[in-house]
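Asks: Copied straight from Swiss-Prot:
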type: ACT_SITE; residues: 74; note: active site, proton donor
type: ACT_SITE; residues: 225; note: active site, proton acceptor
type: BINDING; residues: 14, 65, 75, 76, 165, 198, 216, 217, 226, 227; note: substrate binding site
């Protein structure tokens with residue numbers, strides 16, 4: 001068995017195992033990723049993120065869910081990648097460009113005490129609303145905003161958004177009382193979502209103040225989802241429920257999401273290193 005060095009980090013409770021692959025090209029099988037992510041027999045995480053060198057950006061974020069499947073992007077994950085590369089001396093830039101499966105994203109690091117990163121703002125790019133590009137199998141290419149979705153005995157309405165990965169946003173009266181763990185997996189694997197989908201269940205808490213629970217594709221319910229929060233703000237604005245500068249509370253913490261005049265979405269939130277170690281794989 002080989003020994004693998006890792007760092008565990010979290011962004012408002014969305015926790016991943018980070019592996020620095022800038023010096024050695026480390027690759028793991030889906031089974032190894034499942035083992036590492038297991039909260040009883042492994043380190044325990046929502047997945048594994050490799051930090052790699054990039055020919056297109058300054059660094060590359062290579063992300064995998066806890067079930068071993070690959071994913072294009074994670075908003076909380078990219079903030080942790082940005083913190084790692086700065087705090088561990090891999091870059092001195094406060095605006096590094098990070099390559100992801102959703103494209104190259106630029107981050108803005110807010111430095112706190114001890115010359116460590118406290119907050120990270122990420123330009124998440126423009127939301128995608130064209131059904132075939134999300135993707136959603138739909139009757140036409142018009143945007144899907146508050147459209148009916150029947151799941152079991154629930155008659156829901158959903159808005160479909162891609163932030164580099166697919167999201168289905170559903171507004172409900174009380175997210176905490178809603179059966180997320182029962183309904184979430186049914187929507188995730190619904191036939192209209194050919195690549196499966198992340199599902200957000202959202203409650204309005206006040207003007208430009210929303211509360212979100214997330215069922216993540218390949219990971220189940222998580223404490224937070226950054227790309228999901230971006231999709232929630234977009235859906236809230238498009239349905240007239242919120243403005244373009246919104247506080248979104250998640251079970252793990254709070255994010256600020258802004259829809260800028262350029263059309264791009266800006267996400268700002270914390271990132272924290274929990275511990276480092278080695279594991280036999």
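Count begins at 1; order follows the chain as displayed.
Positions of Cβ are set from backbone N, Cα and C atoms, glycine also.
Tell me what's around each of these sites.
Replies: Cβ neighbours of residue 74 (active site, proton donor) (same chain, under 8 Å, six or more residues apart in sequence): 14, 16, 47, 49, 61, 63, 225, 226, 227.
According to DSSP, residue 225 (active site, proton acceptor) is assigned to coil rather than to any helix or strand.
The local packing around residue 216 (substrate binding site), expressed as other Cβ atoms within 10 Å of its Cβ over all shown chains, amounts to 28.
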